[in-house]
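K.L.:
Here it is, the structure in full.
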Ligand SMILES: CC(=O)N[C@H]1[C@@H](OP(=O)(O)OP(=O)(O)OC[C@H]2O[C@@H](n3ccc(=O)[nH]c3=O)[C@H](O)[C@@H]2O)O[C@H](CO)[C@@H](O)[C@@H]1O
Ligand SMILES: C=C(OP(=O)(O)O)C(=O)O
């Protein structure tokens with residue numbers, strides 16, 4: 001298992017090209033199952049999660065071709081062509097699904113196209129129990145019969161799915177995407193109420209519309225879908241990653257540096273930009289980039305609460321905590337999306353941060369003098385919070401379990417090293 005070694009103390013200065021969003025790319029890839037024609041995705045990030053999903057799609061009979069290297073400049077992500085001419089199996093097995101929760105997103109497309117699917121239940125993960133009940137209830141509203149047996153969801157709709165009203169009791173990004181993909185090939189109209197409004201949901205809807213789907217209201221809480229008989233070939237460019245953007249913006253401010261983040265879409269980060277402006281993080285918005293830095297010597301403490309979009313993203317919570325650990329003054333960080341997303345706290349504390357957790361809130365006392373340590377990544381965003389701490393710590397930090405980081409940050413050590421960080425990957429077989 002690889003490790004990452006960082007010697008702290010260098011401000012980050014330079015340009016970073018933002019990659020295509022993991023959380024947009026994954027549902028977009030599953031949309032390939034909806035058509036027997038070719039779906040092409042541009043600006044695909046080079047990430048472990050993409051490979052995991054590509055393996056699952058190949059297992060369903062999708063022919064995949066990846067072209068181009070992950071670019072060092074420009075939004076030159078890879079191009080992926082996917083051709084699901086025939087679905088060879090509708091079973092998504094445990095061995096593949098357990099590697100990544102987003103695999104559940106094959107359920108809607110398989111059910112819509114083939115009339116049945118057997119998908120392993122993904123199970124919980126480090127950040128929470130993460131049930132899929134809302135996905136299943138939504139499918140039932142479209143006429144699917146669902147049975148849970150031996151760890152699998154057995155779903156069938158022998159006469160095809162039929163449009164209906166789906167009212168989500170809780171906002172779920174994945175359930176919104178899964179039901180949207182099921183509904184595009186259902187007979188009649190589906191109305192999804194209390195839908196997720198994340199930019200990744202909008203990106204998926206735009207791609208589906210390009211493939212011939214009839215969808216209105218993506219980006220609002222009510223999405224209406226008129227089912228069509230079939231979808232066709234299309235080429236779509238994956239939206240730039242707002243979480244990667246927010247992560248590097250905070251890393252620039254924390255290290256007292258300045259980063260230009262090329263391709264960033266500030267309109268997708270409004271809540272972070274506005275709330276961190278009070279803390280002294282300056283974001284200058286240019287035509288195709290943003291410039292991030294700290295207004296003073298260090299940021300000021302701020303109270304942050306995660307919420308569904310357009311609120312403050314939970315996927316930036318760990319990085320915000322690292323930022324606030326060295327801020328002037330205290331911060332209260334409240335996590336409302338996942339019940340166990342504070343696993344980075346003990347590791348940050350091992351580096352000298354002063355953080356105490358009280359239920360779903362963490363009190364960060366600020367002004368910590370961080371020191372390098374051997375630390376362990378517990379999940380994807382937690383990994384980056386430890387890298388941020390390492391970038392400002394005295395001495396050397398060694399991050400273990402880098403596979404979490406590789407799920408969602410493209411070439412992180414190359415991007416940071418090019419901006420002055422003293423960082424290297426240690427390959428361990
Ligand atoms: C691949 C991807 O896009 N992942 C993102 C997606 O995950 P994901 O789509 O899994 O997250 P959801 O929006 O579904 O989860 C939100 C909350 O709803 C709960 N829930 C969800 C579904 C369900 O059937 N029942 C239920 O109770 C979850 O446990 C969680 O507490 O949105 C999360 C919230 O912004 C992000 O942190 C993830 O990075
Ligand atoms: C939690 C995340 O991803 P996933 O839903 O794929 O676990 C994330 O991207 O921070």
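Using the three backbone atoms N, Cα and C, a Cβ is placed for every residue, glycine included.
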K.L.:
Just to be sure I read the record right: 101, 130, 131, 132, 133, 134, 170, 171, 172, 173, 315 are listed as binding UDP-N-acetyl-alpha-D-glucosamine in TrEMBL. Which of 290, 291, 333, 337 is listed for the same site?
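P.N.:
Answer per TrEMBL: 337.
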K.L.:
Write out the long-range same-chain contacts of residue 170 (UDP-N-acetyl-alpha-D-glucosamine binding site), meaning residues 6 or more apart in sequence whose Cβ is under 8 Å from its Cβ.
P.N.:
134, 194
K.L.:
Which binding-site residues of 101, 133, 170, 172, 315 contact ligand 2 in the sense of C-beta under 6 Å?
P.N.:
101, 315
K.L.:
Measuring Cα to Cα, how many angstrom lie between residue 23 (phosphoenolpyruvate binding site) and residue 315 (UDP-N-acetyl-alpha-D-glucosamine binding site)?
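P.N.:
Counting only the Cα atoms, the answer is 11 Å.
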K.L.:
Over all shown protein chains, what is the count of other CB atoms within 10 A of the CB belonging to residue 125 (active site, proton donor)?
P.N.:
15
K.L.:
To the nearest Å, how far is the Cα of residue 133 (UDP-N-acetyl-alpha-D-glucosamine binding site) from the Cα of residue 125 (active site, proton donor)?
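P.N.:
Per the Cα atoms, residue 133 (UDP-N-acetyl-alpha-D-glucosamine binding site) and residue 125 (active site, proton donor) stand 16 Å apart.
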K.L.:
Taking only the Cα atoms, work out how far residue 22 (phosphoenolpyruvate binding site) lies from residue 125 (active site, proton donor), in Å, as a whole number.
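P.N.:
On Cα coordinates alone, these residues lie 18 Å apart.
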K.L.:
Any same-chain residues 6+ apart from residue 315 (UDP-N-acetyl-alpha-D-glucosamine binding site) with CB under 8 Å of its CB? Would you list them in sequence order, or say none?
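P.N.:
Sequence-distant Cβ neighbours: 23, 243, 381.
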